[in-house]
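**Q** Take this structure, written in structure tokens, and hold onto it; I'll ask about it next.
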Amino acid sequence: MIQLWAGIALLTLLALAFIFLPFAKTRKQHEAAIDRTEENIHIFKERLAELEAERDAGTLQPAAFDELKLELEKNLLEDAEGQPSSVNAESTTVVGKPQLMAVMLIAILIPVMGLGLYHQYGNADLVELTLNRQDQPFAKEGRQPTVEEVVGLLEAELAKKPDNAEGWYVLATTYMNMGEFTKATEAFQKVLLILPSESPQYPLVMGQYAQALYFVNGDVTDEVRQQIELTLEREPNEVTALGLSGIDQYSQGNFNQAISVWRKALEFAEPEAAESIKNGIRSALTSLEEAGEPLPDVPELVDVALPLTVSISSELLAQLSPDQPVFIFARAVGGKIPVAAARFTVKDLPITISLDDSMAMTPQMRLSSQSEVEVGARISMSGQPQASPGDLASLLLTVTVAEQEEPLNLLIDHVVQ
């Protein structure tokens with residue numbers, strides 16, 4: 001199962017990067033995204049191993065293990081799928097066959113695994129045959145297909161195999177990226193009709209369907225509100241539905257209720273989404289202040305940052321390539337999984353940075369949730385996020401998060417044994 005979800009994350013990221021990110025991101029940003037995903041996969045493996053050890057030792061009940069494992073898997077997939085994308089519906093950008101293969105694989109294979117029904121759907125040979133068919137217009141004209149033609153291929157495959165919930169899901173999210181919200185709602189409806197209602201991914205799709213309806217209507221209509229309520233009845237912590245519920249309360253002038261709902265959403269939101277939710281809370285607080293009403297305490301808005309200055313000894317620096325990766329991290333005292341991490345290269349040193357919640361690996365493991373953390377820096381000789389003998393590292397320092405105002409100095413000065 002570890003290999004399965006690692007594959008989902010990597011291939012999902014690659015497909016999105018090759019097809020969608022070129023519209024808005026530079027190559028450097030794309031490479032950084034891949035590095036981030038590789039690090040997340042390593043963290044996923046470590047955390048899963050810890051959970052399995054606790055279960056085997058009898059300190060973690062099987063039901064709790066299953067729930068935590070599912071959350072880990074969901075976070076890994078969402079992090080990969082959540083890489084920023086921007087597609088213009090009017091675009092005629094051309095993609096090559098490697099990119100086409102990537103997007104078709106994500107459409108047919110990766111979502112098949114991601115929604116947990118891969119034993120029922122998907123056929124890699126069929127995908128390859130479809131790509132190689134000479135009756136496609138772009139093949140006859142001797143050119144590469146456009147994004148729209150790629151989507152058309154997926155639509156054609158789904159017309160032949162309409163019971164493929166995962167294919168419909170990818171088509172729905174692709175429509176959302178393209179701004180085709182009406183088509184997205186129809187595709188999400190297909191997913192909800194096909195996907196078993198007891199599936200743990202069902203509430204996620206319900207929330208995304210509500211979001212698509214919201215974009216179609218431009219407001220929280222009765223239809224949208226009903227879908228939000230149905231989603232939250234099924235899964236009270238579904239972030240998309242919580243975000244929409246907060247918007248609904250805000251639009252009605254119920255600012256305290258909006259803040260309450262959005263605070264709950266913050267507990268489960270990814271770092272990028274969390275910042276948008278915080279902005280909504282700030283707006284609601286401003287409205288309350290303008291109305292002369294008392295302001296609720298919102299500790300989540302207190303910015304928590306850990307300033308660090310990282311340098312390397314001159315003796316070690318002479319032995320290194322400028323492009324050698326440097327990992328800077330903070331983790332719970334005695335823990336293994338970072339609550340914040342950043343990646344640089346040797347040529348960036350010395351560097352002063354601030355670790356914060358935007359650098360969290362998962363929504364549930366953030367710097368702001370810790371009173372004390374261990375901080376350190378490491379140069380990976382293998383180029384991989386995981387530590388190994390021969391790496392160069394600083395000492396691990398334990399600090400109180402709230403009290404660290406001046407940059408803490410980390411000197412990379414020894415070889416990991």
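Glycine is no exception: its Cβ is also placed from the backbone N, Cα and C atoms.
According to TrEMBL, the protein carries these features:
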type	residues	note
TRANSMEM	6-24	transmembrane segment
COILED	27-54	coiled coil
TRANSMEM	100-121	transmembrane segment
REPEAT	165-198	repeat 'TPR'
DOMAIN	308-413	domain 'Cytochrome c-type biogenesis protein H Ig-like'
**Q** Which value does the mean pLDDT take for the repeat 'TPR' (165-198) in this predicted structure?
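**A** Result for the repeat 'TPR' (165-198): average pLDDT 89.
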**Q** Going by DSSP, how much of the domain 'Cytochrome c-type biogenesis protein H Ig-like' (308-413) is helix, how much is strand and how much is coil, in residues?
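**A** Final tally across the stretch: 16 helix, 48 strand, 42 coil.
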**Q** With helix taken as DSSP H, G or I, strand as E or B and everything else coil, how many residues of the repeat 'TPR' (165-198) land in each class?
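**A** Its residues divide into 28 helix, 0 strand, 6 coil.
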